[in-house]
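One structure is given below, encoded as structure tokens.
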């Protein structure tokens, strides 16, 4: 067994993305909202090994997610406790406090968040005791909120201490350039990135603005809600985890992600693209061949973060196909991409394409605007272009910190001001790392 524990949900964003993900997982595996199998099924879809990665089967035949929900204020988790999927989760896996982090990293990390830490770790330990061979952890949280950034990074630190060698993958909601929910997002993002840089093995960033635009352009939703965004994010998370949950010709496990995508420990922020993203009205007019969806992944309009990969260089690329896909078509599509001059690979990593194929086609939730398609692809690519995202947030951090704006709220919660400069220097070093990695190595060789 290769189980994965989802720490779905640290904070509001994490909880709501978690809801969308578990609704989708349940549909994909044929599990009803009450945790029992759909009529006509004798066992969940995905085979014995597959579904047990994410679900634990009880003696009564109920399937319980290996997941923990965490938030410092009760509202969002109360929605889970009273919602359609309330019977799916173990009540003790829904952990909420009484006061929120007020968009303040220091409250989530040092004061309010720390009070809940023992309860959360205790619950995670109980879930891990039920696992035969724990593979790792999957986090969903936002970088800009107080709970997501503060408590999220505190949990990652603790899990590194308690479960040293286990993989820790994050899906992190990055503050969008235009769609901002709080003024202090740049502070929270820089502080949490600094704290988690050495603890997370691989971080898939998701940018709300990029997903807003996908919903508007591809799904024809004039005013996308957070539910629309979360349904789309859930499809991506499902694609990344599909090869852990279903059989395929080329399966990828958690450790393989970092082995294939992370050339240096600090440079662990792959860019995620997904195709096809089609509304129900357009679905029948598209052929969605393997070649078309593969090419679409290299278009900026299908990326989860606003940046331009055409100006960056690719260090490593992972293509995860789902559904009606044969290896020969994939090889042809990849060869065509490599022949194009638009995709630049770094010169020290010439081949750089890892491929996974899972035969289970993508599923669309009933209330989603996404259409059901026979095949889809999710591309994870480690590209130097994602450094743009760090530059943007660092610049906003500098503008505020030059005036020491809002700093007193953080210091008042027991944080030292020196942490701001330390975190900012670490991110400046991260920007430099990306520049160095993208530089051609021929110049270095001439020195010898």
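Each Cβ is built from the backbone N, Cα and C atoms, and glycine gets one as well.
Note on residue 256 (active site): other Cβ atoms within 10 Å of its Cβ, all shown chains, come to 16. The annotation active site is assigned in Swiss-Prot to 256 on the grounds of similarity to another entry.
Feature annotation from Swiss-Prot assigns GTP binding site to 12, 73, 142, 146, 147, 181, 208, 230. Within its own chain, residue 208 (GTP binding site) has 173, 174, 175, 176, 179, 229 as residues 6 or more apart in sequence whose C-beta sits under 8 angstroms from its own.
Sequence-distant neighbours of residue 73 (GTP binding site) (same chain, six or more apart, CB under 8 Å from its CB) are 96, 97, 98, 99, 100, 147, listed in sequence order. Residue 73 (GTP binding site) carries neither a helix nor a strand DSSP state and counts as coil. Annotated Mg(2+) binding site per Swiss-Prot: 73, in sequence order.
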Neighbourhood of residue 142 (GTP binding site), C-beta criterion under 8 angstroms, separation at least six: 11, 12, 13, 14, 148, 149, 172, 173
Integer Cα-Cα distance in angstrom, residue 256 (active site) to residue 230 (GTP binding site): 26
Densest Cβ neighbourhood among 181, 230 (binding-site residues), 10 Å radius: 230
